[in-house]
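Straight from TrEMBL, the features:
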type     : residues         : note
ACT_SITE : His265           : active site
BINDING  : 210-220, 269-276 : ATP binding site
DOMAIN   : 176-330          : domain 'Fido'
SITE     : Glu131           : site 'Important for autoinhibition of adenylyltransferase activity'
Amino acid sequence: MEIERPPHIDKKELLSVMLRSESIQIGNMIDKINETFEYWDSVKYKKCPSGCTPQQLWTYVKAARLRSSITIWDKYGVSLSLTNSMQKICHQFDMYLSGSKGNNSPIDANNKEQYLVSSLMEEAIFSSQMEGATTTRKVAKEMLRKKMTPRDKSQQMIHNNYQTIQYIVEHKDEPLTEELLLQVHRLMTDNTMDNPEDAGHFRGNDDVVVENGITHETVHTPPSYKEIPQFITDLCVFFNDENPRQFIHPIIRGIVIHFMISFVHPFADGNGRTARAMFFWYMLRQEYWLTEYLSISRVIAKSKKSYEKAFLYTEADGMDIGYFVAYNLKVLEQSFQQLQDYITRKHEEMKAASLFLRLGNFNERQAQIIKLFADDPNALVTIKDLEIRFGVSPTTAKTDIIGLLEKELVAEIPLNKVKRAYVKGSKLVELVDKLTS
């Protein structure tokens, strides 16, 4: 992916522009450009005011960004031009993503576990698919729900990702250490590395580049492996907020962690998956608890070209991470909207399932099981399926099924000499007919 570099700006000209006020028309253009943090390749096509060239407009844009620029990672010259739009979005997420877990929570208390299982699966699947896993979403979810042994590398990647996310949720309050970072990478890459010994270890050479997946052109050459030990030390300090001299909004700090792990590429492989997982961890550590319910990688996967460009734009424009921050804030917005849509859809499904509650002495889970068979007469479920679907214990799932077996609404069939599965029962059609009559 070839990125056109911005035009060179003379330092004296830039300083001159920074010290004077632009016209109202140009000021409005700058505000609109910086709202989405546009790069030169789109700015150059803007219709400029009379007497202003695209290059001059770009100079005004850069001057505005420099006025609000803060140092992020001095060692690699990483800075951030903080815009009003970024601050506004972060403020909104402070209210939405770290809001009440109680009565005002957007997620119904009875279905939190079900939503959580689904979202963690989605995150694991799409994060792995971005790195080359070819297993379909349907097959992957079945594998995770039924806790099946992965059959190939693609399934192993998804399985690893899911296990890693669960590990992070369990350890979310712990400070980051080198050992924990290596453990995350080890879990993420187990049985998927060309050299198995690379799992859970930092790379020991510079035989690594980031290539375009189609053209195989080199798009990024990471820093030397000799710089990795100091980077990891600095990363832990940054992650654990051990430098009180500079405040960086937690969401932006999490995005920086994502970027820096990808930029330094401390591992032979699995850097992208690990970087996204560490963003997830940092957000949970900062008590943005709704992050658990967002499938961030799903949105990234559907805009992978823009994701890659955000890295490239940053490097091409003097390591201004604003491109990557703006992109990821947009991803968070879309992920949150998808969560809201998902909750609305599930509420509608619950309403439909609740109709079955009127016809017998059923609990909500049993009503959903009945609805499942009513919607798909050929469906087949196991106790393990129900455990994962509803986030309940084996005993609870078994109790739900026994109640339906007694009413002949489901029937038991053997899968093998040990395992049993459940299909629609002889009286299910009669029950559905009552509902529709």
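Just so you know, glycine gets a Cβ as well, placed from its N, Cα and C.
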Given Arg276 (ATP binding site) and Glu131 (site 'Important for autoinhibition of adenylyltransferase activity'), what distance in Å do their CA atoms have, once rounded to a whole number? 12
Restricting to the chain of Gly270 (ATP binding site) and a gap of 6 or more, list residues whose Cβ falls under 8 Å of its Cβ, or answer none. Glu131, His185, Met188, Thr189, Thr192, Met193, Ala199
Report, in whole Å, the straight Cα-to-Cα distance of His265 (active site) from Val210 (ATP binding site). 9
If I take every residue in the domain 'Fido' (176-330) and average their pLDDT values, what number comes out? 93
Just to verify a number: CA distance, Arg273 (ATP binding site) to the residue listed as 'active site', in angstrom, no decimals. 11
Using C-alpha atoms only, work out the spacing between His265 (active site) and Val219 (ATP binding site) and round it to an integer in Å. 13
Across every protein chain in view, the count of C-beta atoms other than its own within 10 A of the C-beta of Glu131 (site 'Important for autoinhibition of adenylyltransferase activity') is 20
Quick one: what's DSSP say for Glu131 (site 'Important for autoinhibition of adenylyltransferase activity'), helix, strand or coil? coil
